[in-house]
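Database features (Swiss-Prot):
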DOMAIN    33-82  domain 'Myosin N-terminal SH3-like'
DOMAIN    86-783  domain 'Myosin motor'
MOD_RES   130  N6,N6,N6-trimethyllysine
BINDING   179, 180, 181, 182, 183, 184, 185, 186  ATP binding site
REGION    660-682  region 'Actin-binding'
REGION    762-776  region 'Actin-binding'
DOMAIN    786-815  domain 'IQ'
COILED    844-1940  coiled coil
REGION    1154-1173  region 'Disordered'
MOD_RES   1238  phosphoserine
MOD_RES   1244  phosphoserine
MOD_RES   1256  phosphothreonine
MOD_RES   1262  phosphoserine
MOD_RES   1289  phosphoserine
MOD_RES   1304  phosphoserine
MOD_RES   1468  phosphothreonine
MOD_RES   1543  phosphoserine
MOD_RES   1575  phosphoserine
MOD_RES   1601  phosphoserine
MOD_RES   1740  phosphoserine
REGION    1884-1920  region 'Disordered'
């Protein structure tokens, strides 16, 4: 913690960044109790501060700071941190890490305007809603170069740390700024950019570019100017924020080797397009629209043809149009100048404004509906003319494209009519698309401008993205944002604990790694995995008929119940509808999927897009140049056949995922820093903080998640020296004094000696680490120890003070000795004559009076003794009474407990009875269900019986139909024979025409062979007819089997009947048992009532006892008061005696004076005086002893009195508690009595219900009996039917025998006819198949021709492709190797020990280089082998030209080539794996290789890559060389040589690449055919890629673990110079290899040209073959048409017959189903109506009960009011009594004053009495006695008044207690009323639901009726069609016969 002097460099910002020293000291010295100071959960404030009052039974009573007392559970109380942690800068350092501690720390810092706070790795910033001087230039300079712990929390500190890490660690950095809208993300992003622009300036001045004529700024200016431009087009006013960024951005600022700015680029995410066309009332659209209309630049208004009123444009005026905090005119100037600074041309600038104006005009486009049509037409063309002019389009074409877009249907384009709604939606979509594409184009243009082409080394990325969003209505945008945050949180969790683990590693702590990134894996996989939400959404977007419901159903099928993070949302009234819920790390979010498919597809009017592409405005045409329309695809399909089909259709979610993956890969390659922005309140009030809002954001931002992760490890850590200093107090003896001991050892000894959990801490190298909470425990122990030490010091202080007091006492003793000495001196003097005279005369005076006074004092003393004895006796009596009362109380408690146990037993019995009742009801239900099942079985039997009868009738019909079909078949046979003859003649003619072409002849011969096969198939069909006969026989057997089943069913029914009878008996027995139990219950109830009455009487007795006890207590209190009065009187008498003693002493003094005046006296008088003096002294001593005894007795009395009062008070309290308990028990007993009464009622009701049930059961039994009788009758009918069926079956069997005889006669003929029929059918089908096959063959031959045209090219290029694949694989190997090697360089700390073996490793490296060269040579050999194979393939192509029949053979060769390619790929993959293994094994050795050697290896491997990134990689290598700085100055010469060589290699490579590109253009056409084959290969490659990715991840982990080895590498760089010469030699070898590769490329070009010539020749041959095929196809088409005509007629007739038969059966089935459903619905409806009636009766009963309760409540309220009035009356009386007591008090004071006056007079009188005589004294004494009597009487009256006052106060207390009890009763009744009202509401709701259900059932019933009617109509129609078809078939049959 820095001092105030160190904070002075921050200037006026210092108090806003850190507490002053004074505040810190005050905070540490503030009193604090760790055990009682807590945070407590509170519903309004979320958490409040408080102190623990008590803890009991898992509940804690806490008193809050506001004074309220809360009783909560233990888990709702959180311990408070010690004061030294107040306003702590890093919240992770707190001893108690929990939500309230974090919240209050932020709140207290925010109250002090310290808006930045660390939380572990996070920097949390709270929006201050006002300007603070914390961003001044002096603050920037103050933070420059400071470590995080050296300066207070700030965004500049985060930025500077990132900058310093980048320079020192040579690693890319990123700053992730997240938070809700309005939290200050954009402001903090600006500050970060401002900081980097200030500290890393390049020093260049502004330039004027002569070429463009526009002013351009420096790179710093451009980076800063990018912000206003992006804000103008991407920011808008929202409810929370006036300047809210409606897009996310990732700004990369690139730096050079020296840390200066090199370049920058921006990536944007999730622009809110919908804001272009729609805004909420309190919001507005993007700022640019209002800047343009602000009229700051009138030329813009004229150019864009707009007005200055935004309300003229609906797209931008749906919400607000102005913002108080934004000046649109000034902002327009800033935007315009930003466009100029960023280097946009004048044309681009104009096009930006024009497109923005066109979007505004689009909102004014109006369309109307044509009369009598749904077609839309434009309503005026003025607006369209303006919009088209601004976009350089034809307005007529634009309107036509909007109203009549061209749509592709099949291979043709059709103009489609659009409705008004469709057109308006299309216009909105176009406006959004234009604006979005323009925004993205602007970002790319800014990136181009910011790319200065300067050498750049590393970058710092600033991510400004929306935080987690949980709204009432969450759509696709929220899912994307939340998914992004989920990924970022996973990234943070992983990164945070990686750093924690590194800290543990550094400190040498044993720790098993926990990857908290996996905590969120379930949710992330649910969203992005192959069958996750996004993939299902994209899949649904591919289907044309997909809807939101189908998407929802798919989600539910795939994830509901399978994934824990996917849930069905709860329906909440008043909230927006939700379709599914996801459990994110920040909470559960309900998503609404409405419109997701449209949002994801983002459809545009393709016709308008085509217009945009043809626009003369270059910018607009460029914006839509990438869009692939259907027309463009149709026109360019032949040219661009190689393009992927799905490239034009990329969904929003896929694009988002692609961008997100890019972002995550960028972030993973950086060292991240996290900033979380927080909104303190919704009202934008500075300094105010809403607890719930902030907590919600902390959860969403992952701050609390970070704390959770922190708590898993060791969040608290202290340096050993600090720990020793602070906690040495706990056990000072553990650390030996007088000798030096290391702080670590001291800490270890200290912790070992303390009684704590030793697993909760770990010892590091420099610090001791603690688990969360342990440090707080140590703090408590320290506080306790300090308390003990303080008490010891206090004891010592007290001892010292006591010694001082003792010293004083000694001094007093010495002074007493001095006094004694003086007395002794007096004793010596007393023998003087004068003194003797004095002693003699003094006792004579007033001796009589003193004797009397002594006598009176003795009497009073005796009286006090007697009274004391009496009071002690009374006290004993009271104590005995107390003992008896306690015994009685205990007896009463035991009785109450016994009664409570009895009640509990009664309740248990009641519960058992209720359970038995429920069981019986369940049994009754089972019985009824069985009965219903039996009825269903009956119904099924009857249905089966009907079905059997129907099947019998159908069998008869089938036999008749078979006979008819036999006759038809014979007729059809003759007709088909004639047709066959005609066909054979036609075939002969065709054979003559196709005689020239041998191939077609063979095909026709094959067709002839197929017809023969068809004839064979016809014979097979005849066999099937015989099988059909067998099937019929089987059906008869089945019928017999079904009859047997009927018998079995009947047996089952009989068994079920017996079961039912048994169940009935059981039910009757159970009813009897229920009645018995009911009687027992009645008896028990009577017993209970008797017990209750006994209890009532006992309670009344107890109440009477209580009253008596209260009376006794009151009497005792009165007695106590009397004793107090007596004590007071005693005190008064004592005061009197003391007064008299003082008077006597005064008189003695006067007498002595008189004696001295009088002179001498007689010796007798002196002796008398001596005697009297002795007596007087004796009396004085007695008096003093008496007074001492009196005081002692008074003190003991007071003590006893106080004790007895306290005991009596406790007894009174106990008795009051007992009374309250008894009253409560009484009320509970009353309630229990009521409950028992209600139970009795319920039992009686249950009894009634059971009786009803019995009756219903009896009715059911009777019904069952009747049903059983009916079933018996049915069984009898079935037996008769069975007999009839048996006879019929006998007849059928006889008929079958006859028919079989006929069939046996006709079977041969039938078989022959059926064979012929089937042959003809087969012939027709085969002719159709042949036609189709020929058509397909034609198409395939055409396709094959196309294939053959390009086959030679394909064969030629396959070689090149394989070669490229090999080179690619080699380059991948090289890439991996370079990656691993370059990464491995950065982690070489672990290899310090292996320095000595450097020479050996260098030799191994050389061997490795030789091995690589050998591999290159082997690859060249494979390349040659491939060339040879290509030549072979060319020979194969020549052979394929000989004949088309060899195509199959060629395909097999191609497959072989593919297999070889695969094998080669596997070989290359195996080589890759081997190289990876080698890389892993040699990795440890390669770490010590020098920079120059690595650069040369990089050169070697980059040469092999043959890609366009060679320039970039070489520049990277040169930059890596430059990293060495001054040390590696000598290597610059080598760098120049490498650059020269690089330029030569580059030139050679560019030539090779140009030739390769030329070849690739031709290969694209061949790739179309190869795609099918490649897809399989790609899949395997993808699998291998996944394996490689896995290997990547593993290696990345290895690389990360090697990061710590960098320091050793820096030390070893000096040795690199020695290897320089060797590397130069390697470079020369690489040049040779490059030349060799160039020669190979030249040879490949020559081969390619040769193959082109061969391909041209083959093309000519293919054209000739195609012409011949086309002639054949035309001839085939003629034959097919004739065959089709004949086949169509036959097929139509058959199809219609079958269809009608099927429809008839379906209709009959539907009829049966519908009737059954109708019956079911009817029964359901009746049952629902009954339940509704029951519910209505229950509701009426409850309403009556509720009215009674309300009446009772009103009565109670009236009673309460009366009690309150009584209390008021009593209060008034009390006031009166108080007034009277005050008056008496005043009187008392007056009397006391008079007494004092009288006393004064008495003194005067005594003085006079000495002179005047005894009579006057006696009179005055009498007067004094009278006055004393009056005073005593007045005192008694006063005491009585006080007693009365106390009585009234007690009465008032009783009344207040009674009022409180009444109030509680009222509240109880109110609760009861509320509960009953809730019950009523629930019953009403049930009734409503029942009504709804009945209504739905009615609607279902009506619907089914309607369906039934429709089914009947359909059946009628089907029957009529069947009849018509039968008539038609007969007519056809007659025609055929007539033709024959």
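Each Cβ is built from the backbone N, Cα and C atoms, and glycine gets one as well.
Annotated features, which come from Swiss-Prot, shown on the structure.
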residue: 130; record: N6,N6,N6-trimethyllysine; contacts (Cβ under 8 Å, 6+ apart): 686
residue: 179; record: ATP binding site; contacts (Cβ under 8 Å, 6+ apart): 185, 467, 676, 677, 678, 679, 697, 701
residue: 180; record: ATP binding site; contacts (Cβ under 8 Å, 6+ apart): 240, 466, 467, 469, 677, 678, 679, 697, 700
residue: 181; record: ATP binding site; contacts (Cβ under 8 Å, 6+ apart): 238, 240, 241, 244, 466
residue: 182; record: ATP binding site; contacts (Cβ under 8 Å, 6+ apart): 127, 238, 240, 241, 244, 679, 684
residue: 184; record: ATP binding site; contacts (Cβ under 8 Å, 6+ apart): 125, 127, 677
residue: 186; record: ATP binding site; contacts (Cβ under 8 Å, 6+ apart): 231, 235, 243, 245, 464
residue: 1256; record: phosphothreonine; contacts (Cβ under 8 Å, 6+ apart): none
residue: 1262; record: phosphoserine; contacts (Cβ under 8 Å, 6+ apart): none
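Annotation for residue 183 (ATP binding site): spatial neighbours 125, 127, 467, 677, 678, 679, 697, criterion Cβ-Cβ under 8 Å with sequence separation of six or more. If you look at the domain 'IQ' (786-815), the same-chain residues 6 or more away from its ends with a CB under 8 A from one of its CBs are 729.
Averaged over the domain 'Myosin N-terminal SH3-like' (33-82), the predicted model reaches a pLDDT of 90.
Residues 127, 240, 241, 244, 467, 677, 679 surround the recorded ATP site, their Cβ atoms falling within 8 Å of the Cβ centroid of 179, 180, 181, 182, 183, 184, 185, 186, which are themselves excluded.
Under DSSP, residues within the domain 'IQ' (786-815) fall into helix, strand and coil as 30 helix, 0 strand, 0 coil. In this structure, residue 181 (ATP binding site) belongs to neither helix nor strand by DSSP; it is coil. Neighbour density around each Cβ, counted as other Cβ atoms within 10 Å, peaks among the recorded positions 185, 1740 at 185. The residues of the region 'Disordered' (1884-1920), classed with DSSP into helix (H, G, I), strand (E, B) and coil, number 37 helix, 0 strand, 0 coil.
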